[in-house]
Amino acid sequence: MKILGRIGRWFGVGRAVSLVLMAALVTLRIADPAPLEALRSRTFDLYQRIKPREATLRPAVIVDIDEASLKALGQWPWPRTLLADLNNKLTRLGAAVVAYDIIFAEPDRMSPAVAADSFRNLDAATRDELRKLPDNDAVFAEAMRASRVVLGESGHHLPDGAAKPPSVGFAMIGPDPRRFLLNYPGLIGNLPVLEQAAAGRGMLTMQPEADGIVRRVPMLMNAQDTLMPSLTLDMLRVVTRASAFRVNSGPAGVRSVAIPALDMPTDGQGQLWVHFAPYDAGRYVSARDVLEGRVPPERIARKLVLVGTSAVGLRDIKATPIDPAMSGVEVHAQVLESILSKSVLTRPSYAIGAELVVATLFGLTIIALGPVLGAAMMLGLGALVSAAILAGSWVLFTQQRILIDATFPLLATFLIYLTLIFTNYFREQLQRHRIRTAFGQYLSPELVAQLAQSHETLTLGGEDRNMSIMFSDVRGFTTISELYKDDPQGLTTLMNNFLTPLTNAIIENHGTIDKYIGDAVMAFWNAPLTDNDHEAHACAAALEMLRRVDILNAQREKEAEAGGQRFIPIKIGIGINTGRCVVGNMGSDLRFNYSVLGDSVNLASRLEGQSKNYGVGIIIGSNTAKAIGDRFAILELDVITVKGKTEPETVYSVLGAADVAQSETYLQLRQVFGDMLKAYRGQDFDAAEQMILRCRQAVQPFGLDRLVDIYTLRIAGFQKEAPPADWNGVFALESK
């Protein structure tokens, strides 16, 4: 049982959930829903965009019925006599085969006989003469007989009569491939006179994926229950003078299509994965240039010529992995280039199995090692696994032109990684809850929170940090407590009502409560959590504390009036200092608290004690003042040395936030009081005395009369008895 328990603890909930997820993902991959297929296709597209096929071999030429040709020779459709002329010129230029990415399904409406029947105003003699002229389609057919031409046909989904036999035979190895192929019950063909003159005919039909992108082109199709080759496949047969195609099929579908000189691997539906190359203007020759004799023979000689159009108005535009608007005729040219340069992409029948094996192996590796390694190492392992999957898929694509999907193994690895992370997270949260339950009764909440977070052994010690420390105390608390000498419960309620808003103000401004000492509060910033703006947060908390004390006093005054009791307002003084401190678990081996120590802490306490002497609510040290800059309204009070210290400290008061700092009353006070301090420290006491009057007026909105009184007495004293020769304006405090 102990062994089973250890195995259970090692296995864990995370591994169990991850194994269930692994099984679900394998099932999902076998089902292959549309989103998964789309993700895989987009990845293969990205591969082609990053590394498209290099067009080192250009066996095909596109004779383009482009915009310039249409502008010069008239709108489409052209007369078949013009196409016959084009065909004859291509033959004389040495074209190995000419294929038309055009279907000639209807008679030429410009044939003389058609014109004779169309124009009703013609006299009988003229009509008879027109009917004697050669038919345009016959002229075009005659031109075809003088060359090797492959005509295009298209499948559609509406039955349209009896099937026409293919122009060539098929030798089949394995089961009948027709049940695996794209099936079209209808066929749009060419005029019989043209088909009889052509050397071959092939299917033009391409079936884009669900997202509208052409990635594969059918080499074979089942049209009207008849096996039909594609246009490009029949072009290759004609140019190699092959008598038949060989189709190799298996239980899962078509494997390849071959002619004696070429073996073309396909997917199970008989479609070829095209390895696209970037657009190259060298593939194109304008039909106008051919007709006007401006094309040199070497551009056409021994080439596989495709006649088609790139004109946008004729709507033969396809989206491909590397080009959102590629002409349909160029897709056929790219197929020929891929086949003849032996750069056809393949997705072998074992691809799905290989992807499942890779996903399972790497998934099990993550499941086994992840929880043992920890979060950081687990992330590194996940990154390493992902890199290996991507690298393997990329190398197979670039070196072997094999398409192996990296997205499913990556997705499986990522989801398993997330599952382990989340299950570990929830397990840790449960463990933290247990720690809080176990230790919350006799340890401080701060220490319990840290213990739950780190799970580390409770030890003494700390770390050195730059921190802001605050001390707050009630002035004249003894007098207030005398009001409750017969009501200790009332005093307790008052203290709770007083300390709660002050505590909230500190916590809301990212502070940590260190301790309560009677009516006093000690707090600090930048520990245990890092706070990069701790000085400003401490000052903002101090201002909010003063505001909430005012609200409390207003409530107490109303209650006192209603009860006919004496009201004494609560007034607090706050001292804030910033500096290096040691923060950590302080205390004995049996009982300790998360607290802070250092000279900066002592100075903050001394500053709080001086807030009453200077008659200000908040007093801060020079480091704090430098850090907050102009974001708060601060006023320099004095340069002092506290009892027991020799280093002088410039102290300031915080009078308000940014809105006060921009007010005219504050700016005037800062200027007037600053001028007075300058005269005072320069020992120009008569000038300082004159400025005191202006200072007294300027401090009225801020209630700083006590501060003016201090300097009035100092100036009067120095006027009677000059300071020592080495006096530097520093005031030495005699009390804490």
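Note: Cβ is positioned from N, Cα and C throughout, glycine not excepted.
Quantities reported herein were computed from a predicted structural model and do not represent experimental measurements.
Lifted from TrEMBL, the feature list:
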type     : residues : note
DOMAIN   : 468-608  : domain 'Guanylate cyclase'
TRANSMEM : 350-369  : transmembrane segment
TRANSMEM : 376-396  : transmembrane segment
TRANSMEM : 402-426  : transmembrane segment
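Note on the transmembrane segment (350-369): residues 15, 18-19, 22, 25-26, 29-30, 378, 381-382, 385, 388-389, 392, 402-405, 408-409, 412-413, 416-417, 420 of its chain, located 6 or more positions outside it, place their CB under 8 angstroms from a CB of the stretch. The DSSP breakdown of the domain 'Guanylate cyclase' (468-608) into helical (H, G, I), extended (E, B) and coil residues amounts to 67 helix, 43 strand, 31 coil.
For the domain 'Guanylate cyclase' (468-608), the mean pLDDT of the prediction comes to 89.
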